Amino acid sequence: MLVIPPGLSEEEEALQKKFNKLKKKKKALLALKKQSSSSTASQGGVKRSLSEQPVVDTATATEQAKQLVKSGAISAIKAETKNSGFKRSRTLEGKLKDPEKGPVPTFQPFQRSVSADDDLQESSRRPQRKSLYESFVSSSDRLRELGPDGEEAEGPGAGDGPPRSFDWGYEERGGARSSASPPRSRSRDRSRERNRDRDRDRDRERDRERDRDRDRDRERDRDRDRDRDRDRERDREGPFRRSDSFPERRAPRKGNTLYVYGEDMTPTLLRGAFSPFGNIIDLSMDPPRNCAFVTYEKMESADQAVAELNGTQVESVQLKVSIARKQPMLDAATGKSVWGSLAVQNSPKGCHRDKRTQIVYSDDVYKENLVDGF
């Protein structure tokens, strides 16, 4: 079972109010329509009455008018006597008749009536415009022109005529047109603008120079970075690359000492690999750096060893062979100096082999002593 509430809900009440408003509006519209229809009907009746009258010609109308004038029913229209000449406005005629009186108040449709008090209020509200003299001449120039007592300083031309007024345009004096000369402040403003333009140009030039200097510094930094990267690459590739860098510019090295680079090298491996090319005077190794120095008796044998062994693999060891940058004792190696040969033999990079003979004890001696003791 549906339960219907006794009262109306809020929505129903709102709808009922709207319906009542619409009813009122409909009644008002019907009343307006009736009024408009009655007015149109009255206008139509007037038009019909006018149209029903017979059409009269101008000649018959004039004759009827003359008869009426003769009978005295209509008074004749008197023609005004007008002076021949140009037409004048009524306001001007009123001014000529009564010059003491002000202008005759006439109705002007496009101008609202304004009283004198309203004019004063509006003039006080409006921002007063500066005169041409005030707009072109600054306050400092005016103070210079005024004297110590606030009066105009007497100078050449002061008091000779009316005060100076900067009236732009053309003035008719004695039939000739003369334009007023521009004030001094214009020339000052122009000079100031020129100075400002010069300062701006100087600032722009300075900014351009700074930008150029920055670009140069950046180029230098880039060149330095490139050089550093090249040096790092050479260091990574090893001393062989560093020793043989720029082969076109430098003359080929000469010497009898070779620089050998390779991992896990041993003296026996080096002697076996380099002895077939000539007599080896000295062989020194630097295990932490994985390099060794081999000195031949002759330079020809060193050149032959570089040509044959550079980049080859001996007993699973990759060898890089080149002429050493430092050739410490060329004369000693070639045998021209006695003292040089001794220095090479006893140098820190020379031969480190111990010349003493190694004493080897057999196990039988210890066994015999043990047997005799017990």
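From the backbone N, Cα and C atoms, a Cβ is placed for every residue, glycine too.
The model shown is predicted, which means the values in this text are computed figures rather than measured ones.
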Range annotated as coiled coil in Swiss-Prot, from 7-36, 337-366: 7-36
Integer Cα-Cα distance in angstrom, Ser187 (phosphoserine) to Thr268 (phosphothreonine): 100
Modified residues (Ser185, Ser187), the one with most neighbouring Cβ atoms at 10 Å: Ser185
Entry from the modified residues list Ser191, Thr266, Thr268 having the most other CB atoms no farther than 10 A: Thr266
Pairwise CA distance, Ser185 (phosphoserine) versus Thr266 (phosphothreonine), rounded so that it is a whole Å: 99
Number of helical, extended and coil residues in the domain 'RRM' (256-326), per DSSP: 25 helix, 26 strand, 20 coil
